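Feature list (source: TrEMBL):
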type    : residues                                             : note
DOMAIN  : 60-402                                               : domain 'Aminoacyl-transfer RNA synthetases class-II family profile'
BINDING : D129, L130, T131, R156, Q172, D176, R325, Y329, Y330 : L-histidine binding site
Amino acid sequence: AAAVGETTQTVCSVKLFLVDVCACLCVLQIDEEVAKLLQLKAQIGGDDGKHQFVLKTAKGTRDYNPKQMAIRERVFNTIISCFKRHGAETIDTPVFELKETLTGKYGEDSKLIYDLKDQGGELLSLRYDLTVPFARYLAMNKITNIKRYHIAKVYRRDNPAMTRGRYREFYQCDFDIAGQYDGMIPDAECLKIVHEILSELDLGDFRIKVNDRRILDGMFAVCGVPDDKFRSICSTVDKLDKMPWEDVKKEMVNEKGLSEEVADRIGEYVSLQGGMDLAERLLQDHRMSQSKQACAGLSDIKLLFSYLQLFQVTDKVVFDLSLARGLDYYTGIIYEAVLTQAGAVPAPAEAQKGAPAEESVSVGSVAGGGRYDGLVGMFDPKGRKVPCVGVSIGIERIFSIMEHKAEVSAEKVRTTEVQVMVASAQKNLLEEKLRLITELWDAGIKAEVMYKKNPKLLSQLQHCEESGIPLVAILGEQELKDGVVKLRVVATREEVDISRADLIAEIRKRTSEA
């Protein structure tokens, strides 16, 4: 009995020991977890409850300072004035669409669409471009003809190279002509618009590459590409502006399953460039002449070039069989404008390495578009088609180039449009300045006054020089007695007394001359 009692006591002691060990281990574990939480708390924020975080814009987005916005507005105004010159009206659409509206319209690029969480029972996505929403707008409102422009933000969930003007959130500037018209006239006008905008913005040398989806599809057919691989191979050909032919061929063979023989046949055609003469030559080609759709596309290319000659833009347009444009909705003519002047903006390192010394370096696409006759019919309940052709101006790429040019030239960019500063030469004239600036504002004059009761005249003049304000309207006790205002030209420091009654007319005259 004594032995049993000792054994029981020993077992209980062991149990108590084990409980103590477990308790110690738990305490250690808890201490470790508490230490981790305290460390995490220290990283996130202190005991004052303030949340500490890194101040930055989301990936693929950026802020624009006043100087950048001034350059951007100048570019927008140039583009909009061109669109209006060609008779376009404008529309706007929501920044997000029903997901089903965008699904299946962009081919392999569909993976870049931003999907939103379910809100109110609707599956939504941010718009990927302005063309699909435009087609939805036409079908929904039963519009059969319109010439419109649309400037708005679009969104793409890719990994952009922001240094080359590519972002996840960016503006597009679209011009489209919808309606049943005689062939190639609207198409030629779209190319004319691209030519006008790029010439007016003075971005450097450029060329506009032109092709036709029917020519591409006919080429794929006669080269032996299976029908179900046309769109996939088209997307691969579209990479020729970024990849050498050897890599494009490798993707066709190894990833898309084409035979080397078929890929080589495609390679013979996509290396061709020219004008109307190339279209005529391909119409006689023993392979291409077998495809009705290729012949139809080639005939339209010939007609297009005849109109482009009348528009006087053929010096910048080239028929290029390597141009594919990956979007699925194109049905006919397609085009893309690229800058070719090496000095316009820093070219990426890979482009510099691969380019022959005698050739200018392409710095990327700045406009693109084409004909999409079947897109509206996808949204129409009865499948009614509305022929459409349009172009999108690559505003972000253009803006990056313009900003770079301004930095290189040390150009002073005005961030305001103030025409005149209302200043005082003595103290206690704030009320008189406010009366005068009210007269100027009511007359539509862009004017500014310093927010101090008694600012020094020198500081007011320095503000004008720094801000680029061309004129200063100076009030003093003597000027008030004489009923005049001393008008000072900032650039020349010339001063002249102008009667109060004539001041507005004089400011308008001098600022219109400037």
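Every residue gets a Cβ built from N, Cα and C, even glycine.
Sequence features annotated in TrEMBL and their locations in the structure.
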{"residue": "D129", "record": "L-histidine binding site", "Cβ within 10 Å": "19"}
{"residue": "T131", "record": "L-histidine binding site", "Cβ within 10 Å": "26"}
{"residue": "Q172", "record": "L-histidine binding site", "Cβ within 10 Å": "19"}
{"residue": "R325", "record": "L-histidine binding site", "Cβ within 10 Å": "22"}
{"residue": "Y330", "record": "L-histidine binding site", "Cβ within 10 Å": "26"}
Mean predicted confidence [pLDDT] for the domain 'Aminoacyl-transfer RNA synthetases class-II family profile' (60-402):
87
With L-histidine as the bound species and D129, L130, T131, R156, Q172, D176, R325, Y329, Y330 as its recorded binding residues, calculate the greatest Cα-Cα distance and give it in Å as a whole number.
21
